[in-house]
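Working notes, beginning with the structure itself.
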């Protein structure tokens, strides 16, 4: 918290001292549009040097994704006090577009969530994650060859190492020029507090026994062209032990797929019960797969509750289960399902504990070493 506070104070002090011109587009009735974390309690912090420590420690800006105020962006607010404009500078002000440097990750252990998120407090929210709450979730896209810096969303993924992302194999079929985006939260805006990192995927390694139909061993590793830099909003998750079981536990799944028929802009957060293999097989038979269907060993099931389910667009996203110590491990990867959110129709996930040895072998093959234990 002290590091985060320091970064915010430095950002604000620089902003105030710069005397940058406030462009007309940032004006609003009675003030200027600034990022909400720069305007606590409705007024700009214009005297940082004399601000009470208690005013800044634990500072959190309330958010409502349906509240666009006069600034046409829910991450901005019309602030009643702002730095005085000058007549000479033409630079774009730091109040709305410049990102503060994220505090470095001082805890190098894997599986550490930012419980409750960072900086923002998203209100009136039941199925969306807080900002940076789950720092291992990855947004994977395919670059458009005809358009620079533009890409199409492909699937979700999970950071397990500074050079490795794990996802589903079927989502990478036929895909080239993949890029892994770290630190993403709301895909509809670029005004999040901390910068994202986009890193090219150098290699896709699919499980050697992967089969699309009937789907089996639906897991793939994305080898990054360079290491991702860990920060408070970008950290890896732990891998489970091969003997770990999660039946009966409620675990968290995240992604940007459909919810009630509409793709999510803000990363979702759904808490789902993990269901035993026999029970899941029975449910899937009744859901339409017939009396002879049996769930394969490489999968697990979660969900089965009405209108609470991962859906189209969530493939490759994580199912993270919390251990008694509070650490999160990657229990599953969203693979397939029958519809979305049907009663007694759970979603099917890759059972990561069945593939830990395979993942371990490739980490060793890549000669990738971390300074923390990734629970292999």
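All positions are counted from 1 along the displayed chain.
Cβ from N, Cα, C; glycine included.
Over in Swiss-Prot, the protein carries these features:
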type: SIGNAL; residues: 1-19; note: signal peptide
type: DOMAIN; residues: 24-80; note: domain 'Clip'
type: DISULFID; residues: 28-78; note: disulfide bond
type: DISULFID; residues: 33-71; note: disulfide bond
type: DISULFID; residues: 39-79; note: disulfide bond
type: CARBOHYD; residues: 41; note: N-linked glycosylation site
type: REGION; residues: 85-106; note: region 'Disordered'
type: DOMAIN; residues: 114-364; note: domain 'Peptidase S1'
type: CARBOHYD; residues: 125; note: N-linked glycosylation site
type: DISULFID; residues: 251-321; note: disulfide bond
type: CARBOHYD; residues: 279; note: N-linked glycosylation site
type: DISULFID; residues: 280-301; note: disulfide bond
type: DISULFID; residues: 311-340; note: disulfide bond
type: CARBOHYD; residues: 369; note: N-linked glycosylation site
Using a 10 Å cut-off between Cα atoms, which of these recorded positions sit near residue 301 (disulfide bond): 28, 39, 78, 125, 251, 321?
none
How many whole Å apart are the CA atoms of residue 280 (disulfide bond) and residue 28 (disulfide bond)?
55
Round to the nearest Å and give the CA-to-CA distance linking residue 39 (disulfide bond) with residue 125 (N-linked glycosylation site).
22
If we take the Cα of residue 78 (disulfide bond) and draw a 10 Å sphere, the recorded positions of 71, 125, 279, 311, 321, 340 inside it are 71
DSSP, reduced to three states, assigns residue 301 (disulfide bond) to strand
Rounded to the nearest angstrom, how far is the Cα of residue 33 (disulfide bond) from the Cα of residue 279 (N-linked glycosylation site)?
53
When the Cα of residue 311 (disulfide bond) is compared with the Cα of each of the disulfide-bonded residues 71, 79, 251, 321, which one is closest?
251
Using all protein chains shown, find which of the disulfide-bonded residues 28, 251, 280, 301, 340 scores highest when you count other CB atoms within 10 A of its CB.
301
For residue 340 (disulfide bond), the one of 28, 33, 79, 125, 251 that lies nearest, given that the recorded positions are compared by Cα:
251
